[in-house]
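> Sequence annotations record features per position, and here TrEMBL assigns active site, nucleophile to Asp75. The Mg(2+) binding site annotation in TrEMBL covers Asp75, Asp77, Asp293. Here TrEMBL flags Asp77 as active site, proton donor. Sequence annotations record features per position, and here TrEMBL assigns substrate binding site to Lys268.
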Amino acid sequence: MLICMLYGHLLCMHRCKPPEGPRHVEGKMRGCLDLLTRVGLPRVIHLRTNMAACRLLTRERATQLLSNIDTVLTDCDGVLWQGTEALPGAAKTIAKLREMGKRILFVTNNSTKSRLSYVEKFRNLGFEANEDEVYGTAYIAALYLKNIAKVTGKVYLVGNTEMAKELDLQGISYTGIGPDPIEGTVSDWKTMPLDPEVTTVLVGFDEHLSYKKMIKAASYLSDENVQFLATNTDERLPVGNGRVIPGTGCILAAVHTAADRDPVILGKPSKFMFEVMKEKFDLDPNRTLMIGDKLTTDIMLGHNCGLTTLLVLSGISSLDEARQMQASNSIEHQKCVPHYYLPNMGELGDLL
C-alpha cells in the first residue's frame, strides 16, 4: 500500500507542471524515491521517474523558466560560435539575457585560450564579456593546482601556451611546452632524461603531442606520488564544415593508456568548475540554468550540480541522442537528458 501511494504521488509530480520549476520538483521526487528504494521499489521505476523531460522550450515555458533563474551558464563552442564564426542570434540572446538582469558566465572545456584571450575572442565576435565571467579549463586547472593540489615542484604540461599563461599567473612552474619530437630508438628512449622536480602531470590540448611526450608523461606517472590531472575528456571540437578536429580526450586517452592510471578530470562534467563559480558569486543551483550543446559534458554538469539544463542542437549532440539517453535505464545516461532543448541559441533570444 505504501509503495502504491508513493508511486502515485511520484507519477503526479512527473506529469504535472508545478509552479516551483523542475529543480524543486526533483527534490521532492528524490525524497520519495529514497523511501521507495528502501522498501523495495524496482530499480527501473526509480530511473524512469527521476529523468528530465527533454521538452521543446516554448515561449510560455521560457517565460516561466527564466522567472526562476538568476544566473545563466553557457558553453561556447557549438553554442555561441563555431570556430571563428559567431552563430546567428547568439550575441543578441546574451545581450537580451543581460537586459533581463541575468548574470552570464561562460563555461568551456576548451583549454586552448586563457581568460584574456577568450575575452578578446568574445569581443571580436560581437559578444559583451569580461575576464571574471570566463571559466575555461586552462584557468580552472591553474586554480586547482594552486589551491587544491597545492602543487610543489614542476608540472609536466602536455598542453599549450595559453595554459602556460594561466599557470604563470598563479606562479606555478612547468616544463614540456612546445614541440618535442621523438629521436633515436628504444635503447635511447629507455634512458631518456626526466626532470626530477616534476610532481604533477597535467594534460590539456596539445597540438604538438608526440611519442616522446607520451613517454615522458607516462614515465613521470610511474611514480604514484606524481599527481595526474586533465582539463577535460572531449573527443572532438565542434568546427563543422565536414572536418573532425580531435580534442583533448584523444590526447588524454594516449597518456592514460600508457600510464595505466586514472586522472582527475577538472572540466565539465566535473563539479569543480561549478563549485569555483558558486563560491565566487554565491550561486543558487536552484536558480541557475546551464546551456550547452553536448549531453555528456554540459548537460551532465547541470545534473551533477542540481541545475536546470537546456540543450541547443547547433553543436555536438543531437535530439535523437538525447531521446536515446532518455529511453535508457542507465543512471549515467539519465544524467545526460536535458530538461529543455532548442535548435540554437538564437531561438532562445526570439522567445524572450
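Every residue gets a Cβ built from N, Cα and C, even glycine.
On this model, are these features tucked inside or out on the surface, and what's nearby?
Using a 10 Å radius centred on the Cβ of Asp75 (active site, nucleophile) and all shown protein chains, the other Cβ atoms total 27.
Other Cβ atoms within 10 Å of the Cβ of Asp293 (Mg(2+) binding site) number 27 in total over all chains.
Using a 10 Å radius centred on the Cβ of Lys268 (substrate binding site) and all shown protein chains, the other Cβ atoms total 32.
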> Between the Cα atoms of Lys268 (substrate binding site) and Asp293 (Mg(2+) binding site), what distance do you get, rounded to the nearest Å?
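Distance between the two Cα atoms comes out at 12 Å.
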> Roughly how many Å separate the Cα of Asp75 (active site, nucleophile) from that of Asp293 (Mg(2+) binding site), to the nearest whole number?
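Cα to Cα, Asp75 (active site, nucleophile) and Asp293 (Mg(2+) binding site) are separated by 7 Å.
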